[in-house]
Protein chains: 2
Amino acid sequence: MATTTATQRRAEAKREYDAFLAVCPSRQLLDAIADKWVTLVLTALDAGPARYSQLSRQIAGVSQKMLTQTLRTLERDGLVERTVTASVPVRVDYALTPLGASLVAVIAHLKDWAEVHMPDVQQSRRRYDRRARDAG
Amino acid sequence: MATTTATQRRAEAKREYDAFLAVCPSRQLLDAIADKWVTLVLTALDAGPARYSQLSRQIAGVSQKMLTQTLRTLERDGLVERTVTASVPVRVDYALTPLGASLVAVIAHLKDWAEVHMPDVQQSRRRYDRRARDAG
DNA sequence: CAGCATCCTTTAAGATACTG
DNA sequence: CAGTATCTTAAAGGATGCTG
(Lines of atoms letter the chains of each structure in order from A and count residues from 1; the text may use other names and numbers.)
(Lines give C-alpha, C1' and ligand atoms only; values in the text may rest on other atoms or scores of the structure.)
Protein backbone atom coordinates (compact mmCIF):
# COMPACT_ATOMS: atom_id res chain seq x y z
CA MET A 1 0.00 0.00 0.00
CA ALA A 2 1.39 3.34 -1.04
CA THR A 3 0.04 5.13 2.02
CA THR A 4 2.62 3.66 4.37
CA THR A 5 5.64 3.91 2.09
CA ALA A 6 6.66 7.48 2.89
CA THR A 7 6.35 6.97 6.63
CA GLN A 8 8.15 3.65 6.46
CA ARG A 9 10.97 5.11 4.42
CA ARG A 10 11.38 7.94 6.88
CA ALA A 11 11.39 5.53 9.79
CA GLU A 12 14.00 3.38 8.15
CA ALA A 13 16.17 6.34 7.24
CA LYS A 14 16.01 7.40 10.86
CA ARG A 15 16.96 3.95 12.08
CA GLU A 16 19.89 3.82 9.70
CA TYR A 17 21.06 7.26 10.72
CA ASP A 18 20.73 6.44 14.37
CA ALA A 19 22.78 3.32 13.78
CA PHE A 20 25.38 5.43 12.01
CA LEU A 21 25.49 7.90 14.87
CA ALA A 22 25.80 5.08 17.36
CA VAL A 23 29.17 4.10 15.91
CA CYS A 24 30.36 7.63 15.10
CA PRO A 25 33.25 8.44 17.46
CA SER A 26 32.63 12.19 17.46
CA ARG A 27 29.03 11.72 18.40
CA GLN A 28 29.98 9.32 21.14
CA LEU A 29 32.40 11.84 22.53
CA LEU A 30 29.83 14.59 22.40
CA ASP A 31 27.38 12.35 24.19
CA ALA A 32 30.02 11.71 26.81
CA ILE A 33 30.99 15.30 27.52
CA ALA A 34 27.74 17.07 26.70
CA ASP A 35 26.54 16.39 30.18
CA LYS A 36 26.52 19.41 32.44
CA TRP A 37 28.46 17.76 35.24
CA VAL A 38 31.02 15.80 33.25
CA THR A 39 33.11 18.80 32.31
CA LEU A 40 32.80 20.29 35.77
CA VAL A 41 34.02 17.11 37.44
CA LEU A 42 36.78 16.67 34.89
CA THR A 43 38.11 20.19 35.31
CA ALA A 44 37.79 19.93 39.08
CA LEU A 45 39.94 16.80 39.03
CA ASP A 46 42.40 18.50 36.71
CA ALA A 47 43.58 20.46 39.75
CA GLY A 48 44.49 17.16 41.38
CA PRO A 49 42.89 14.07 42.95
CA ALA A 50 39.97 14.66 45.27
CA ARG A 51 37.65 12.77 47.55
CA TYR A 52 33.95 12.41 46.99
CA SER A 53 33.04 14.95 49.62
CA GLN A 54 35.54 17.45 48.29
CA LEU A 55 34.04 17.27 44.84
CA SER A 56 30.60 17.53 46.32
CA ARG A 57 31.55 20.75 48.05
CA GLN A 58 33.56 22.21 45.20
CA ILE A 59 30.86 21.62 42.59
CA ALA A 60 28.27 23.23 44.76
CA GLY A 61 25.29 22.84 42.48
CA VAL A 62 25.44 19.09 41.99
CA SER A 63 23.10 16.68 43.72
CA GLN A 64 24.73 13.60 45.18
CA LYS A 65 22.83 11.43 42.79
CA MET A 66 24.22 13.25 39.79
CA LEU A 67 27.74 13.37 41.21
CA THR A 68 27.78 9.64 41.82
CA GLN A 69 26.27 8.93 38.44
CA THR A 70 28.77 11.19 36.69
CA LEU A 71 31.73 9.66 38.49
CA ARG A 72 30.55 6.15 37.64
CA THR A 73 30.25 7.02 33.99
CA LEU A 74 33.68 8.63 33.93
CA GLU A 75 35.15 5.60 35.66
CA ARG A 76 33.48 3.29 33.17
CA ASP A 77 34.86 5.37 30.31
CA GLY A 78 38.36 5.10 31.75
CA LEU A 79 38.65 8.84 32.23
CA VAL A 80 38.69 8.78 36.01
CA GLU A 81 40.18 6.31 38.46
CA ARG A 82 38.38 5.41 41.66
CA THR A 83 40.42 4.27 44.65
CA VAL A 84 38.72 2.87 47.72
CA THR A 85 40.62 2.81 51.01
CA ALA A 86 39.04 0.35 53.38
CA SER A 87 39.01 2.25 56.62
CA VAL A 88 36.25 3.29 58.99
CA PRO A 89 34.69 5.30 57.62
CA VAL A 90 35.52 4.40 54.05
CA ARG A 91 37.63 6.77 52.01
CA VAL A 92 37.26 7.10 48.24
CA ASP A 93 39.62 9.08 46.05
CA TYR A 94 39.08 10.10 42.47
CA ALA A 95 41.79 11.08 40.00
CA LEU A 96 42.12 11.69 36.29
CA THR A 97 43.63 8.89 34.26
CA PRO A 98 46.11 9.84 31.52
CA LEU A 99 43.24 9.42 29.07
CA GLY A 100 41.09 11.75 31.14
CA ALA A 101 43.88 14.28 31.34
CA SER A 102 44.26 14.27 27.57
CA LEU A 103 40.56 14.96 27.23
CA VAL A 104 40.77 17.86 29.64
CA ALA A 105 43.43 19.32 27.38
CA VAL A 106 40.99 19.26 24.47
CA ILE A 107 38.25 20.74 26.60
CA ALA A 108 40.66 23.56 27.38
CA HIS A 109 40.50 24.51 23.70
CA LEU A 110 36.76 24.88 24.01
CA LYS A 111 37.35 27.05 27.03
CA ASP A 112 39.72 29.26 25.09
CA TRP A 113 37.24 29.70 22.28
CA ALA A 114 34.51 30.41 24.77
CA GLU A 115 36.44 33.10 26.55
CA VAL A 116 37.29 34.84 23.29
CA HIS A 117 34.03 34.46 21.41
CA MET A 118 31.16 34.06 23.85
CA PRO A 119 30.83 37.84 24.21
CA ASP A 120 30.14 37.95 20.46
CA VAL A 121 27.54 35.25 20.85
CA GLN A 122 25.88 37.12 23.67
CA GLN A 123 25.81 40.32 21.71
CA SER A 124 24.25 38.44 18.82
CA ARG A 125 21.61 37.07 21.16
CA ARG A 126 20.74 40.51 22.48
CA ARG A 127 20.43 41.90 18.98
CA TYR A 128 18.28 38.96 17.90
CA ASP A 129 15.99 39.33 20.89
CA ARG A 130 15.69 43.07 20.40
CA ARG A 131 14.71 42.62 16.74
CA ALA A 132 12.20 39.92 17.69
CA ARG A 133 10.67 42.19 20.31
CA ASP A 134 10.52 45.18 18.01
CA ALA A 135 8.97 43.10 15.25
CA GLY A 136 6.47 41.46 17.56
CA MET B 1 15.73 27.39 63.89
CA ALA B 2 18.61 25.04 63.38
CA THR B 3 16.58 22.45 61.50
CA THR B 4 16.30 24.50 58.35
CA THR B 5 19.79 25.92 58.30
CA ALA B 6 21.55 23.08 56.52
CA THR B 7 18.90 22.82 53.84
CA GLN B 8 18.80 26.56 53.42
CA ARG B 9 22.54 26.81 53.13
CA ARG B 10 22.58 24.08 50.52
CA ALA B 11 19.85 25.79 48.57
CA GLU B 12 21.67 29.09 48.67
CA ALA B 13 24.95 27.50 47.66
CA LYS B 14 23.17 25.95 44.72
CA ARG B 15 21.64 29.27 43.72
CA GLU B 16 24.99 31.00 43.92
CA TYR B 17 26.68 28.28 41.92
CA ASP B 18 23.95 28.32 39.32
CA ALA B 19 24.41 32.07 39.04
CA PHE B 20 28.13 31.56 38.63
CA LEU B 21 27.57 28.96 35.92
CA ALA B 22 25.13 31.25 34.17
CA VAL B 23 27.89 33.77 33.51
CA CYS B 24 30.67 31.24 32.92
CA PRO B 25 31.64 31.39 29.23
CA SER B 26 32.80 27.78 29.05
CA ARG B 27 29.56 26.52 30.48
CA GLN B 28 27.57 28.68 28.11
CA LEU B 29 29.48 27.24 25.21
CA LEU B 30 28.94 23.70 26.40
CA ASP B 31 25.26 24.41 26.76
CA ALA B 32 25.28 25.73 23.22
CA ILE B 33 27.02 22.82 21.54
CA ALA B 34 26.06 19.97 23.85
CA ASP B 35 22.86 19.54 21.91
CA LYS B 36 22.80 16.50 19.67
CA TRP B 37 21.78 18.38 16.55
CA VAL B 38 23.87 21.51 16.92
CA THR B 39 27.14 19.86 15.98
CA LEU B 40 25.52 17.87 13.20
CA VAL B 41 24.02 20.98 11.63
CA LEU B 42 27.24 22.93 12.10
CA THR B 43 29.40 20.29 10.45
CA ALA B 44 26.85 19.82 7.69
CA LEU B 45 27.03 23.53 6.92
CA ASP B 46 30.82 23.41 7.06
CA ALA B 47 30.67 21.70 3.67
CA GLY B 48 28.95 24.80 2.31
CA PRO B 49 25.61 26.66 2.48
CA ALA B 50 22.48 24.57 2.28
CA ARG B 51 18.73 24.92 2.10
CA TYR B 52 16.37 23.77 4.78
CA SER B 53 15.26 20.72 2.85
CA GLN B 54 18.83 19.73 2.05
CA LEU B 55 19.74 19.77 5.71
CA SER B 56 16.61 17.87 6.53
CA ARG B 57 17.60 15.12 4.10
CA GLN B 58 21.27 15.11 4.98
CA ILE B 59 20.71 14.86 8.73
CA ALA B 60 18.34 12.00 8.30
CA GLY B 61 17.45 11.41 11.91
CA VAL B 62 16.27 14.90 12.78
CA SER B 63 12.61 15.80 13.14
CA GLN B 64 11.59 18.99 11.42
CA LYS B 65 10.75 20.51 14.74
CA MET B 66 14.25 19.93 16.09
CA LEU B 67 15.90 21.10 12.87
CA THR B 68 13.99 24.37 12.90
CA GLN B 69 14.65 24.86 16.59
CA THR B 70 18.34 24.16 16.19
CA LEU B 71 18.68 26.50 13.24
CA ARG B 72 16.87 29.28 15.12
CA THR B 73 19.19 28.91 18.08
CA LEU B 74 22.27 28.93 15.89
CA GLU B 75 20.99 32.00 14.09
CA ARG B 76 20.32 33.72 17.39
CA ASP B 77 23.84 32.89 18.54
CA GLY B 78 25.28 34.41 15.38
CA LEU B 79 26.79 31.10 14.28
CA VAL B 80 24.57 30.63 11.25
CA GLU B 81 23.10 33.11 8.79
CA ARG B 82 19.61 32.67 7.43
CA THR B 83 18.77 34.13 4.03
CA VAL B 84 15.21 34.23 2.79
CA THR B 85 14.56 34.62 -0.93
CA ALA B 86 11.01 35.78 -1.52
CA SER B 87 9.87 33.59 -4.38
CA VAL B 88 7.04 31.13 -4.82
CA PRO B 89 7.61 28.87 -3.09
CA VAL B 90 9.90 30.56 -0.59
CA ARG B 91 13.57 29.67 -0.57
CA VAL B 92 15.67 29.76 2.59
CA ASP B 93 19.42 29.32 2.67
CA TYR B 94 21.58 28.68 5.69
CA ALA B 95 25.32 29.31 5.91
CA LEU B 96 27.98 29.44 8.58
CA THR B 97 29.04 32.88 9.73
CA PRO B 98 32.76 33.50 10.29
CA LEU B 99 32.05 33.02 13.99
CA GLY B 100 30.34 29.73 13.27
CA ALA B 101 33.22 28.61 11.08
CA SER B 102 35.69 29.34 13.87
CA LEU B 103 33.63 27.21 16.21
CA VAL B 104 33.59 24.34 13.75
CA ALA B 105 37.38 24.50 13.77
CA VAL B 106 37.39 23.96 17.51
CA ILE B 107 34.87 21.14 17.23
CA ALA B 108 37.26 19.53 14.77
CA HIS B 109 39.73 19.16 17.65
CA LEU B 110 37.13 17.22 19.55
CA LYS B 111 36.65 15.07 16.49
CA ASP B 112 40.37 14.38 16.31
CA TRP B 113 40.51 13.37 19.94
CA ALA B 114 37.45 11.20 19.46
CA GLU B 115 38.88 9.35 16.49
CA VAL B 116 42.12 8.64 18.33
CA HIS B 117 40.84 7.86 21.81
CA MET B 118 37.27 6.65 21.63
CA PRO B 119 38.41 3.08 20.97
CA ASP B 120 40.20 3.23 24.33
CA VAL B 121 37.04 4.50 25.95
CA GLN B 122 35.02 1.70 24.42
CA GLN B 123 37.48 -0.90 25.54
CA SER B 124 37.31 0.52 29.03
CA ARG B 125 33.55 0.30 28.92
CA ARG B 126 33.62 -3.34 27.89
CA ARG B 127 36.07 -4.19 30.64
CA TYR B 128 33.99 -2.32 33.21
CA ASP B 129 30.81 -4.06 32.12
CA ARG B 130 32.46 -7.45 32.14
CA ARG B 131 33.75 -6.91 35.67
CA ALA B 132 30.33 -5.73 36.80
CA ARG B 133 28.68 -8.79 35.27
CA ASP B 134 31.21 -11.18 36.76
CA ALA B 135 30.86 -9.56 40.16
CA GLY B 136 27.07 -9.54 40.01
C1' DC C 1 31.96 8.88 54.59
C1' DA C 2 30.25 7.51 50.38
C1' DG C 3 26.97 6.01 48.54
C1' DC C 4 22.01 3.25 46.92
C1' DA C 5 16.86 3.00 46.24
C1' DT C 6 12.65 5.24 45.60
C1' DC C 7 9.46 8.56 44.36
C1' DC C 8 8.08 12.59 41.96
C1' DT C 9 8.46 16.68 39.07
C1' DT C 10 10.11 19.18 35.27
C1' DT C 11 11.87 19.26 30.66
C1' DA C 12 13.05 17.69 26.24
C1' DA C 13 11.86 15.33 22.32
C1' DG C 14 8.84 13.05 18.96
C1' DA C 15 4.59 12.36 16.27
C1' DT C 16 0.89 14.65 14.01
C1' DA C 17 -1.75 17.97 11.57
C1' DC C 18 -2.07 22.36 9.46
C1' DT C 19 -0.40 27.10 6.87
C1' DG C 20 1.66 31.32 4.08
C1' DC D 1 9.11 24.87 0.48
C1' DA D 2 9.70 25.99 4.96
C1' DG D 3 7.93 26.16 8.48
C1' DT D 4 4.07 26.72 13.05
C1' DA D 5 1.03 24.78 16.65
C1' DT D 6 -0.43 21.28 19.64
C1' DC D 7 -0.41 17.08 22.07
C1' DT D 8 1.79 13.18 24.17
C1' DT D 9 5.42 10.37 25.58
C1' DA D 10 10.25 9.54 27.37
C1' DA D 11 13.65 10.69 30.43
C1' DA D 12 16.60 13.56 33.00
C1' DG D 13 16.99 15.47 37.25
C1' DG D 14 16.03 16.58 42.19
C1' DA D 15 14.35 15.54 47.03
C1' DT D 16 14.27 12.30 50.55
C1' DG D 17 15.31 8.49 53.58
C1' DC D 18 18.31 4.56 54.47
C1' DT D 19 22.92 1.65 54.76
C1' DG D 20 27.81 -0.80 55.08
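Just so you know, glycine gets a Cβ as well, placed from its N, Cα and C.
Curation plays no part in TrEMBL annotations; they are all automatic predictions.
Record features (TrEMBL):
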- A:24-122: domain 'HTH hxlR-type' (DOMAIN)
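Model confidence over the domain 'HTH hxlR-type' (A:24-122) stands at 95, taken as the mean pLDDT rounded to a whole number. Taking DSSP states H, G and I as helix and E and B as strand, the domain 'HTH hxlR-type' (A:24-122) has 66 helix, 14 strand, 19 coil.
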